[in-house]
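Input: a single structure, listed below in structure tokens.
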Amino acid sequence: MAKMGVELVPAYVAVLLALASTVAFATDPTQLQDFCVGVNSPVEGLFVNGLFCMNPLQVTADHFLFKGLNIAGNTNNKQGSNVTLVNAAKLPGLNTLGISIARIDFAPYGLNPPHTHPRATEILTVIEGTLYVGFVTSNSANGTNQLFAKVLNQGDVFVFPQGLIHFQLNIGKTAAVAISGLSSQNPGVITVANAVFGATPPISIDVLTKAFQVDKRVIQYLEAQF
């Protein structure tokens, strides 16, 4: 009887592990675009969640290589910043690996304006310059949103949790550069001001005046900027 008990314990544990594995994997896949509307037949239209996989026998080392992240982006724009994103669309070898990278260039006092990445957490490292960075939490029980912000110098690292509004501002008199890693092959980006005041078609002005508690002329002025 003792021998039977010894043999039954591992079997019992194996069953529990199998059930746990079933539960762990019984979830929907993470989306890699804003939405993916279902169709009953590929004839109606086919769009995969991510990219098609190449035949492994046709893959070369070049599919895992991207060149050019050493080249500064053009910061001659209203914000004084430029983001060079390397995702699966630019580096095919990233497909299904759940990661991407970006170089962010800042002119003096340049801003990467408040934005979110709906599908990724971001970890940023300052390569050159001094940045004021931060993120805002989601709505709390008492209706407030807490700001977490820091001044970063060369070599400093800061994390922006997935989906939260965040920003980076160059507070130095010289150009700044940062490198960001993102936990998705297609993190997506929603620039808050552009989305709210530059949507196509535009959001109803009645919605925006009530949401921001300002006169219609203020909304019209802001919309004209985008």
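Every residue gets a Cβ built from N, Cα and C, even glycine.
Source: prediction; values computed, not measured.
What TrEMBL records for this protein:
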type	residues	note
BINDING	His115, His117, Glu122, His166	Mn(2+) binding site
DISULFID	Cys36-Cys53	disulfide bond
DOMAIN	67-220	domain 'Cupin type-1'
SIGNAL	1-26	signal peptide
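His115 (Mn(2+) binding site) sits 31 Å from Cys53 (disulfide bond), taking the Cα positions as reference. For the Mn(2+) site, the Cβ centre of His115, His117, Glu122, His166 serves as reference, and the other residues of the chain with Cβ at most 8 Å from it are Thr116, Ala120, Phe135, Phe160, Leu164, Ile165, Pro187, Val189.
Within 10 Å of the C-beta of His115 (Mn(2+) binding site) we count 19 further C-beta atoms, all protein chains included. Listed in sequence order, the binding-site residues from His117, Glu122, His166 having a Cα within 10 Å of the Cα of Cys53 (disulfide bond) amount to none.
Mean pLDDT across the domain 'Cupin type-1' (67-220) comes to 96 in this model.
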